[in-house]
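See structure below.
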Ligand code: IFM
C-alpha cells in the first residue's frame, strides 16, 4: 500500500459508484416507463452486439446482496442514481409509488448497513416521453427535472443528506445530441448546445427544490473533467487546447460555479443557433450556491490544431501511451492537473472524486478469482495525485471508485468491465476482484490510521 493509507484524513469519504440503467435491469417492472436508453439500445447498431440494460446485473432484485458487498468491503458511502422513469414513467405528473418504494428500501438497507447513500438524480436515463416532446434541447425539460427532484427529495430527504443533481451533463448533451453515440442518438450540434444549457438550468432549478424544508441537505453536481494538453510545446496547438478545455471543462464549471459562460467559448461559438437557448436571467438560477463539486476523472486529451491555416477544427492525438481496455490513456498526473486547475479557478468549493476507475480485460482464474493488479495500479496512481492535491491545500474530501460492479457500459454494452466486483453476465454471480480487497483495506486502514 506504500503508505498511501497514511496520506488521507480519517474523515475522508471512501465509496463506490454505480448508476441505475447500468445495473438495475427490470426495465418494465413496477410501472417504470421507457427511457431514452431503452429506446437507443433497442435500435439496431447502436450498442455493442445489440446489448441492452433490460436485465443489466439485476440489481433491482439483487440490491440486498449488493449492499452487503459494500458493507463487507467496509466502505462508508455508496453513490447510485435514481431512475427518473421509475419515479415518473412519463417524465411528468404524479409519482409511481412502486418506483419510489424501491429507492426507499435501498436507502434504508444502506443506512442499516452503516453506508451513507449518495444519490444522483440524473444519470442519463431521460424518460422517453420527454424526449418525444423534444428532450433536453427543450427548456421545459429543465422544469420537469426540478419537479421530479422535488418528488424524490420529499420521499428520501429525511434520510439522505448528500444530493447530486446531474452526472456528466457534457456526455448527456454532446454525446447524446451532438455526436449521437449515446441516447437519444441525435447529431444536431445546435440541439447539443441548447441541451447543455437546459441541463445547467435543470440543475439550477432543482437546487432550491432540494433545499426546501431540508436545511441539512448538501447539494452538488458531478462533472466529467479532462486534463487537456497541446500536442507539443511549440505554441501552435495551444489554441486547440484552449478550445477543448473550454468546451469540455469550463463550459460546465463556469456557469454553475461562477454564474457565467466562458467568454472565449461564447466567442468560438458565435453564430451557433443553440446559443439562443441562453437567457441572461438563467445564470443566477444556474449558479445557486453549492456544497460540493463532484469530479469524474478518467483521462487526458492531447489536441492539435487543424493543419489548414485559419481553420477552427481541432484534432485529438492518439499518443503511444499505456491504455485501458477502453482505449483511454492512463494518465494519473492529469487528475492532479485537473484538481489544481479547479482549486485555482474555483477555490471555495469542496471536491469529491465521484468517479475514477478503468476497464481492463480481466482474466478469471480457474478458481474464479480476478487478480486485477492493473486496476489496483490505476486507482493507486490516481489516489496518490489526490493525496498530493490535498497536501497542496485543495479541499478534496472523498473518492468513489467506478464501479462497484461490472455493468452495462453504455454503447460498449457488457464488453468493458469497470467493476471492482466481477459479475458473471450469464449467472450474475458477484465475485470481489483483488482490487476490491485492496481498496477495502486502503479505506479501512486510512480511516483508522493503521499501517497496512
Ligand atoms: O460508465 C460510465 C459512467 O456511467 C459515467 N462516467 C464514465 C463511466 C465509464 O465510462
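Glycine residues also receive a Cβ, built from the backbone N, Cα and C atoms like all the rest.
Here the structure is a predicted model, which means the values were calculated and not measured.
For the substrate site that TrEMBL gives as 22, 123, 167, 402, 409, 410, the extra residue drawn from 261, 298 is 298.
The two recorded residues residue 409 (substrate binding site) and residue 355 (active site, nucleophile) have their Cα atoms spaced 14 Å from each other. The Cβ of residue 22 (substrate binding site) lies under 8 Å from the Cβ of 53, 56, 403, 407, 408, 409, 410, each of which sits 6+ residues away along the same chain. Ranking the recorded positions 123, 298, 355, 402 by the distance of their Cα atoms from the Cα of residue 168 (active site, proton donor) places 123 first.
A separation of roughly 8 Å, to the nearest angstrom, links the Cα atoms of residue 298 (substrate binding site) and residue 355 (active site, nucleophile). DSSP classifies residue 355 (active site, nucleophile) as strand under the three-state reduction.
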